[in-house]
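Below is one structure; the comments refer to it alone.
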Amino acid sequence: MNLDTLGATGPQRQAIETLDRPLLLCAGAGSGKTFTLQQRIAYALSPESGPAVEGVDRVLTITFTRKAAGEIKSRVRSVLRENGMAEEALKVDDAWISTIHGMALRILREHGLELGLPPRLAQLEEDRAAELRQRAFDVVLRESEGQPESPLAQLIAALGATGKGSDARALTFALMKHGDTLTAGLDAFDFGPAAASPSGIMRQAAAGLEEFLAGGGSPKQMEKAEEALRQVRELLESSGSLTYRQAAAALAGLGLPSAQGKAKEAVRALKTSLAGLVMECVLGCNEAVAESLMAVARRVQEEYGALKQEADCVDTADILRLAYRALSDRPLLRQQLQQRFQLIMVDEFQDTNQLQIDLIGLLCRPGLTNLCTVGDSQQSIYRFQGADVNVYLKHKRQMTGEAKARSLQLDANFRSHGDILAFVRRICGAPGFFSEDFLDLQAGRNEEKAAASGAYRALAPRISVALTSYGSKQRGETAKTAFAKQQEARHIAQWFARLRMAGHDAGDMVLLLGSTTHLDVYADALQQEGFSCHMEGGSGFYGTAESKLAASLLRALVCPLNTRDLFEALSGPMFQLSADDFMTLSTVVKASGEQCAEVRRRSIGRPFVVGDGDGAETEETDGEVLQPLLPAPGAALGRVLEIWCRAQATVRRDGPACALRQLARESGYFSRLQEEGVTGQAKAANFLKAITVVEGLQAQPGAGTAQVAQRYQALAAGNEKLGSLQGDGGQSVRIMTVHGSKGLEFPFVAVADCYTLRPESGALLCAVRDGRAAASLASSLGDDGLKAAFEKARTTVKNDEEGAPGLPPLARHHQGIREESAQEGLLEKRRLFYVAATRASEAMLVSLCVNNTKEGLAPKGVQADVLGALFGEEVPRQDGTADYGGSQPLEFAFIDADRLWNEQSEEEREETAGAAEGRVVEYPPLSPDPAPAVVAGWGDGQGLVSYSSLTGCEGGALEGAQAVLEAYVEELDGPIADGLQEAPAVQPEGGAPAPVSPTADFGDGAGEERGESFSDRDKATDFGGALHRLCQLDALTGEKGAWGRFEAVADAYGVRQRQRLQEAFARWLASDVRREAREWEWVQPELSFQAQLGANTLQGEIDLFCANGPAGEGGRAFVVDYKTGGQPQETARQLYWKHRLQALCYAYAVLRQGFSEVSFVFVRVEQEDAACPGQPQVVRYRFRRRAT
């Protein structure tokens, strides 16, 4: 193997050749570490190295993901073949190249017999593991019933009716999750020293007050201190058994001197001292809670283990712990594996935890001589999964110290242009940005080659920074914040648009987010600029709980009487209905007078398909009146019924994707996930991926909700990758989380929402130190008063720079964990920004949204780092440039959201505020109402009818239907109103007159409904469907958004005649009717309706519905229907009669809702109006309710 021909850098070659000692390889972003690893394996097997390794099966390579393992296997196989080692290449598939969990599971399976493990040991998927944990907790919960002294009963009593994340179940699972990453498990937790007794704490308070009085102060200060001392002494003397709660309340209620005058510092010290004692009292209340929590966690873990053993399964934590114990307890097995692996390489070592490092250490030979670790502390971003960068830093010190490892840095970046690296250096290279020295990446790619390929064609600088400023305390906080995010998103979309104008593909553009909270805002902005966009996903998506939830919701929306799917949807994380709720849903009572004569069962889906969803309707069965049980006023069940019924209406109107998004928003599902931090954001991203998939499916021809649900299920069964579903993926902007982008690269990257910390919201605080977990419970778990006292005390201590060292032991323990957690959180955010910035290869936009307070801009976290590194303390308030060390200054944009907000009208502000609050804008409902008084003698009452199906009725039946319609609807300004009731005839060339049917096939919308061919190459239903979809997009996103989706829509409907479709759509966009429609207050495309018509139900779908306000007296509506095809020789009279029945049916449905008047316009988008060139032909009608 000739290393001279590899083109490796000096450090890469040294890493490849170092096989006889430990190797610590620090590999920066884009530095070619995968290349180095694969070449190192090949060189170790080559004759040039000895060979140092006897076979590829003697090499252990551990990767962070299965995808990375597969990539390394593929590359190693190729390199071995290229270097004449074909026999070794054949062994690669069975080589020890896997994740650490894959490696550990393989060890357990190979040695299962001697370890006493079942022969078919299976790994639990996470959703199944979560289910077993829930069952285990339920077992312990049942054991505690009637046992008030049991640990779980005491834990529940202590927690009380607390808020999110603080209940006994969640607290127990949080503790177990932390323990899974530690070698000692639950035994690793330390809840700190014991608190002093309540009386001892009060005596300390008395001593502090006495010390202050001895030092002296103003008369008023002395008087206040003496009164406080009197109260403390009185409590000590009068209370025989003082509790922590009493002591905390007494100390928090003391009136203390003001910090002013000569005794100012003494008063401040006194207040800090007493605040620390308040904290100690509150934390003392939690000591018994911590003991109960540990006992419950051990018991739940025991029961969880029994359930796993019964199923012959292990979870991910078990795999590592069982492998560790096997190697620790069996020296022969450990020696056997140490001898097997001549070379051990571990990639992404910065994302390991103590248990993983300890397990790897057991596999290494003495002195770690066969170990090579590859990592970069600047890219450690998986703290939320238990990764601990401090463990990696400790490992680095061990390797360079006692192990005497060779330490090498791969700092040549082959990915990014030098300007991007210079910007990263300016921000991340600042002193103190990282916890260790900055790994400064140097540009290593061939810029001449990149320039020749047109990698960057734009004229603007490669680096852009945008600052959106807003004042959250002025004119409504929610609206201003939401408006600022809209302006930020708009600027990002415009940045991408400029790149598109320069000739770059949308598929090369990526928006990286640290949080998915505002994902919809960014997606809307991109669509307004004519981009399609999608969330990027991976192959394991369909196995996630969120994908399964979406599938259940889809099937339940199709048929709520499918009780299995409905139960899964309602009992899952979105709605979380209780057993009592399901009892209410499934119960009706047989009424006898005013008495309840009999209780009966019914399907839980019945309330979701009967009436209006409020659960108040009665049911009649065989003459009996059955009254359902009603949810309590304001109960969760009543709210769920309302949300579900709105979603069903949305399905009919906008399709299942919109309904899923609405359910997630209105149920609070997205809000709850955001409170879970990064883990919750990953779950939200999964559900949003599901919505993206559904959007793609419903855009396919002939895809109703039932078909979408079936196709989604089929995709799940095949476990296809999300990316393969994006028909226009090559021309679609990708939106990804920064975590999801790890290891990838993209030409053009915009970065947003990854700068600030979310406050700690859980009840359990943890900090890992040397394999031990320092733990503490939140300030107060069941008493809001104590919590307020604690937070006030903690603020006092925090404001005193010298206060923390003087805290009592337990308070100091708690405060230390908080401060350490906050610092680690900030460092993690900095690393997250570094990872995001180093994904870009050609150009990057860093977008910041900063609050503007009375004191000025108030950037937080990494926002402050970025602005401080670029501008110091004086951040400009206008557009400009800034030097950062690149080839040209960066482009800086200042977006004053306050100014833009103030330029808006009151109506625009209200609209923004409503969007921020998640307000549901309800369009006028078009749903069944009581049957009209006129009784028609037609139809069998067994089905639904449409206007087109009426034309196929016998003459008498059609006349009966028309009689019902015209008894309710009066036409204005038309031939009927003028007394001209005779239908005209068409005179074809060379033939006799022929009657014109309302659905005569001139190739327009009527023919499309029957699926008749327009031509051999382009079915009318495909063409018409595509045109309707484009017009719908125009109504929803505007002209740019519709044109941006043109190719995708045409592809989805299989339209080959693109020029014809473009001309028809352009004619609609230029029409006076479109301008007229946009002037109405309410505009809604594709609005479905049903209305009782005699003994049948009339159904249909309005292409574009407009109204001047809610239905009612004076309410007017305007309806547009698009028609394709048609013949130029049709006269105005012929067209009038051709479409009149449809207009009459739709007018009937609209007027039945309470509107006083409705106007109809049929727009023939393929036929030009001879009298108005450029305009489409139109057919107009106007109706009102007939006076009775």
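Yeah, the Cβs are placed from backbone N, Cα and C, and that goes for glycine too.
The following features are taken from TrEMBL:
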- A27, G28, A29, G30, S31, G32, K33, T34: ATP binding site (BINDING)
- 1007-1017: compositional bias 'Basic and acidic residues' (COMPBIAS)
- 6-417: domain 'UvrD-like helicase ATP-binding' (DOMAIN)
- 446-743: domain 'UvrD-like helicase C-terminal' (DOMAIN)
- 983-1017: region 'Disordered' (REGION)
Problem - In three-state DSSP terms, the structure that S31 (ATP binding site) belongs to - result: coil
Fill in the blank from the handout: Not counting A27, G28, A29, G30, S31, G32, K33, T34, residues with a CB within 8 A of the CB centroid of the ATP site are T36, D376, L410, N413, F414
Exercise for the section: Just name the most isolated of the binding-site residues A27, A29, going by other Cβ atoms within 10 Å of its Cβ. Expected result: A29
Exercise for the section: Average the pLDDT scores across the domain 'UvrD-like helicase C-terminal' (446-743) and report the rounded value. Expected result: 75
Practice task
For G28 (ATP binding site), just count the other CB atoms lying within 10 A of its CB, please.
Solution key: 23
Completion exercise
Cβ density check for K33 (ATP binding site), other Cβ within 10 Å (all protein chains) comes to 21
Practice task
Give the number of CB atoms, excluding that of G32 (ATP binding site) itself, located within 10 Å of its CB.
Solution key: 21
